[in-house]
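J.: Starting off with a structure, shown below.
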Amino acid sequence: MTDRVTVGNLRVARALYDFITDEALAGTDLDPDSFWSGVDKVVTDLTPRNQELLARRDDLQAQIDKWHRQRAIGPHDADEYKQFLTEIGYLEPDPGDFTITTAGVDDEITTTAGPQLVVPVLNARFALNAANARWGSLYDALYGTDVISDEDGAEKGTSYNRVRGDKVIAYAREFLDGAAPLASGSYADATGFRIEDGQVQVELGDDQWVGLAGPDQFVGYTGELGSPQWSILLRNNGLHIEILIDPDSPVGSTDKAGVKDVVLESAVTTIMDFEDSVAAVDAEDKVLGYRNWLGLNRGDLSEEVSKGDKTFTRVLNPDRTYTTPDGSGELTLPGRSLLFVRNVGHLMTNDAITDAEGNEVFEGIQDALFTGLIAMHGLKESDANGPLRNSRTGSVYIVKPKMHGPAEVAYTVDLFSRVEDVLGLPQNTLKVGIMDEERRTTLNLKACIKAAADRVVFINTGFLDRTGDEIHTSMEAGPMIRKGAMKSQPWIKAYEDQNVDVGLATGFSGRAQIGKGMWAMTDLMADMVEQKIGQPKAGATTAWVPSPTAATLHAMHYHQVDVYAVHKELEGKQRASLDDLLTIPLAKELAWAPEEIREEVDNNCQSILGYVVRWIDAGVGCSKVPDIHDIALMEDRATLRISSQLLANWLRHGVITEEDVKTSLRRMAAVVDEQNAKDPDFKPMATDPDSSIAFQAAQELILAGGTQPSGYTEPILHRRRREYKASVAGA
């Protein structure tokens, strides 16, 4: 039984109450009693509206399901369908032209295009690594990944391989030629660096010194001039590059110019995630996340890290200080990524707080209140709050996921306004990032943005969740195409193009981020370097990466592409059509061979089991899960949603049977067990699937997938994780 504290109409779990009262409120000017009274009033006032919005989702879905069932025979009539969606209010009127007016936004969001990390906030080590990923070693990122091939004796091995190192150096030199070119010649021939009359000069041999083609790219240096250990700071497209020189270092001693590393400004922004990448089902889990968020904002989060036989304490990096080119002043740059926090959406409740009748309170309301409170510590430097700030403009950046349409965005805006009143913050301090990952938001994106025109700081596409909603919305329309074919569908390109077009049309360029989705293949960095440049070329000022290393590699793309120049080329264009956006990804004909159907079912069942077993048994919400071909993929609830919804759709339309699903799950459980055999804490599923809560959760996600709200996986996952935790506690 959870120990609770009575706060007006609310019953707050003791662990949460004590943390907020004793830790989160400390160092603010807020009175605890007044704060908790404000929490009570916000919950009481806004809960009915949240419930109404969820009821509206259900009502629209029921009408769409009925419409499709009535037209099960015969071809899909696109015009009739569009008219129907308009009549029921699913498609809303265009709000007309406008420009967003969000003010007080940090440069990292408004004018600096670069990578964005998303990291589970419940894991302190991951959170610290991500916050510190503002700067990353290009040499390390190249040496440790497949961007540098193993050919010609360049294998990684257990010790430094000079052949591989030379390949890294050559690659980095070529990158510098593109990002900060010399007036003549190439960095590949550099034998020395110096500063003369406030300008960088590079020796190309035989005492031939050349400057930069763009002298203004040199913005600072560290160390004493003439010292063997120093560095040069360059800037290109708003991002910084630091060339570290130390001829006595192991790498520098092998380099004819003494360069030991090239450091890139990498993860310009990071999302600390309370949503799809975490498994937070109760007060204990929520407090862990809130405490880490507090440490990040106060600047005192730390974690003991062991590597081999060494243990050290990881902390947040300080800011970086350089001498200006003429030697007369200082330039200070942020040492850490600018932090967003992603709250949960409008659907879920959490028993960290209940009302007087025992009903769980909406988790999104809790998150807004508590992450907003905690973020106050990141707005100022003081003895109580620590030496590090997050925002330098006094803003709090909250990503709000899984909103369906403008009314839900308007509700978020009103919720944030109420939170500001409770916290004593100026109106519009809490900024909102809108995830464009639900179909009704995509179709009404401009109206969604208008509802938050004075708070919005980003829009971001999320292909996997968006596909999950695409399938669920049209569950009754017929069987969908295979998962791998989704990316080639007309609605996908229209979706990605429209997000950029609408963002530009509403004034995002220079004011807010236009974001694109995650690279999920964590080990295939050569492919990422080749392909992910397409996102900035499409107008994205940021795109998601799965690791600090990936952030450094993806940062190269923003040196190769001037995104704000791309915006000028795209402004005024409307590349996406509503007809394409409304094209349902139905299979034209069921021409799959039995082995193709089995392959699709097995692929999805294996993916579901591999993710769910770690969610349920280990409380891990974001995993590097090997697929059926043993390729490591970054999985979170979004990938689970699309896999479970596709199989639920095929089950609904008779492409597969319930027995097909159960048979595949049992077969794939053995595969997942084998893939996790080296994990001493892993509990095998295949030996007794009926008693494995994780296996039963995976099966339920498919068999009951058609009836889950919007196809979301959270209700089943949360219930099953609580069941597992209770079974362990009672053992």
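The backbone N, Cα and C atoms fix where each Cβ goes, glycine too.
Look at Swiss-Prot and you will find R342 tagged as active site, proton acceptor. Under the heading active site, proton donor, Swiss-Prot lists D636, citing sequence analysis as support. The acetyl-CoA binding site annotation in Swiss-Prot covers V118, R125, F126, S277, R314, P546, and the record cites sequence analysis as its basis. For R342, E437, G462, F463, L464, D465, the entry in Swiss-Prot reads glyoxylate binding site, with the evidence type sequence analysis. Residues or ranges marked as Mg(2+) binding site by Swiss-Prot: E437, D465. Swiss-Prot lists C622 with the feature cysteine sulfenic acid (-SOH), giving sequence analysis as the kind of evidence.
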J.: Taking each of R125, S277, R314, C622 in turn, which of these recorded positions have a Cα lying within 10 angstroms of the Cα of E437 (glyoxylate binding site)?
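T.: So the list is empty; none.
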J.: List the Cα distance (Å, whole number) between R125 (acetyl-CoA binding site) and R342 (active site, proton acceptor).
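T.: Between the Cα atoms of R125 (acetyl-CoA binding site) and R342 (active site, proton acceptor), the distance comes to 18 Å.
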J.: Give me the Cα-Cα distance between the residue listed as 'active site, proton acceptor' and C622 (cysteine sulfenic acid (-SOH)), rounded to a whole Å.
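T.: Counting only the Cα atoms, the answer is 14 Å.
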J.: May I ask you to report the DSSP-based helix, strand or coil state of P546 (acetyl-CoA binding site)?
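T.: DSSP call for P546 (acetyl-CoA binding site): coil, neither helix nor strand.
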J.: When the Cα of P546 (acetyl-CoA binding site) is compared with the Cα of each of the recorded positions G462, F463, D636, which one is closest?
T.: D636
J.: What kind of secondary structure is D465 (glyoxylate binding site) part of, going by DSSP in three states?
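T.: Reduced to three states, the DSSP call for D465 (glyoxylate binding site) is helix.
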J.: Where the distance is taken from Cα to Cα, which of the binding-site residues V118, F126, S277, R314, D465 turns out closest to the residue listed as 'cysteine sulfenic acid (-SOH)'?
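T.: Closest candidate to the residue listed as 'cysteine sulfenic acid (-SOH)', judged by Cα separation, is S277.
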J.: According to DSSP, does R125 (acetyl-CoA binding site) sit in a helix, a strand, or coil?
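T.: In the DSSP reduction, R125 (acetyl-CoA binding site) maps to helix.
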J.: Cβ-Cβ under 8 Å from F463 (glyoxylate binding site), same chain, 6 or more residues apart: which ones?
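T.: Spatial neighbours, sequence-distant, of F463 (glyoxylate binding site): K487, I492, G517.
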